[in-house]
Amino acid sequence: MTIAWARRRYGVKLGLGYIATAGLLVGVGVTTNDVPSTIVAGIAGLLTLGSINAAETVASIKEIAAQTERVANGNLEQEVTSTRTDEFGSLADSIEQMRQSLRGRLNEMERTRADLEETQAEAETAREEAEQAKQEAQAAEREARELAATYQDTAKRYGETMEAAATGDLTQRVDVDTDHEAMETVGTAFNQMMDDLQATVRTVTTVADEIEAKTERMSETSADIEASAGDTVEAVSKIESQANDQRTELDSAADDVQQVSASAEEIAATIDDLASRSEDVATASDAARDSSKSALDEMSSIETEVDDAVGQVEQLRDQVAEITDIVDVITDIGEQTNMLALNASIEAARAGGNADGDGFSVVADEVKDLAEETQDRANEIAAVVEKVTAQTEDVTASIQQTRTRVESGSETVESTLRDIRTIADSIAEVSNSIDEIQRTTSEQAETVQSTATSVERVAGLSDDTTALASDAESAVIGQRESAEEIAASLEQFQNTAVEQLQSRVASFTVATEDSETAGGSVEQPVMRAGADGGGA
């Protein structure tokens, strides 16, 4: 591949010849070590190389020049070729391509000349036909001017009516009593379009009013949920407060039990102080029994409060279900509004690409966008309601668990009360018999230890009750915040989407349904809904 590439390059071949000559000079100089001989050999080599190269180059140039001269003299069949593969061969190939292109252009010019002669004959025939057509066109022009004048008058009347309709007066209609079927068709289609548009605007007005009314009802329901959540927070706070009180009383009971234990140890250490210690233990036992009774009463009160809280949460869950139904209604209304926008888009497409159709299309797009925004708001409300429902169920479960813990705490307090009564009996036995003091002291110590364990267990349950009540309060507060978010979303929806829809519809004037039914004038406008939902 390298040899073939070098053969196609004249400069490369010449350079290789000079390199070979230089190599020869170096070889002669090294061999003979004679400068004059080296110079003579170099000159001889260069002359020989130049002669060979010049002879070959001159021959190639003469060959190409002769072929090119014959082509220049008009012999386009003469091919221009060369046996060389270097730049001279490329030159011959380029001249050959030019010859072939020139021959093709000449053939094309011959064909074009023949076509021109044929076209000239056809043009003469066409001129005669054009003269006849000119006369017919003049007659048709006169007829067209008369018809255009009639169409212009009718179109002017149509245009005035359509301009009035474009400003929002949907009561405008055109007079279709004309002798021209095309204009009559246009007028009939326009009147039908205005009837459909008027009905659509009237329907959209009704839907907007219904959406506003239902949104107001949802706002009222949301306010009820907030109030209910506030009551629940108050009830749970009360539960937490009572649990704290219970914890305080249990701590007091634990202190009393510790006193009883200390008394028992002193009885075992010294018999002399047995009487006074027995009185202290009896006093502490009475106090512990009173505290246990009080704690039992508090447990009963907490259980009642928890039952009330459960009822309120269940009522809140029912109200959330009602909100879900209302969201479903809003979703249906959004879908119906979207269907109205689709029908309006179809009517706009039927009206064509004129200014009225474009204006109607803009209104249809606005209604469609509003329907989509309504759907998005409904989806957001549904998501919030779903979150509130989940939180309500969590609160219900937590309160149910709290009630179970309270019932368990009540049983524990009753057990503690029974233990304290046992302590009192043990103290009576100590007072009746000094001989049995050691056995009684041992039993009392065991009973006191059991009582301390029970009191500690009840204290732990009280802490759990307090924590659960705090969690329930936080959950209900979160539920109330969710209800407030629902109310804010409803208010934003009412202040933006509904009012925007009513504002859009308020820009149109439509005929009353009573006037259309009675066959009265279509110029009677119906009351339009303003931005505040009233008449405009």
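Glycine is treated like the rest: Cβ placed from N, Cα and C.
The model shown is predicted, which means the values in this text are computed figures rather than measured ones.
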- Which range is region 'Disordered' per Swiss-Prot? Of 218-247, 278-307, 428-457, it is 278-307
- Item | Feature region 'Disordered' in Swiss-Prot, mapped to one of the ranges 56-85, 116-145, 146-175, 476-505 | 116-145
- Query: How does the model score the topological domain 'Cytoplasmic' (56-536) in terms of mean pLDDT?
  - Reply: 69
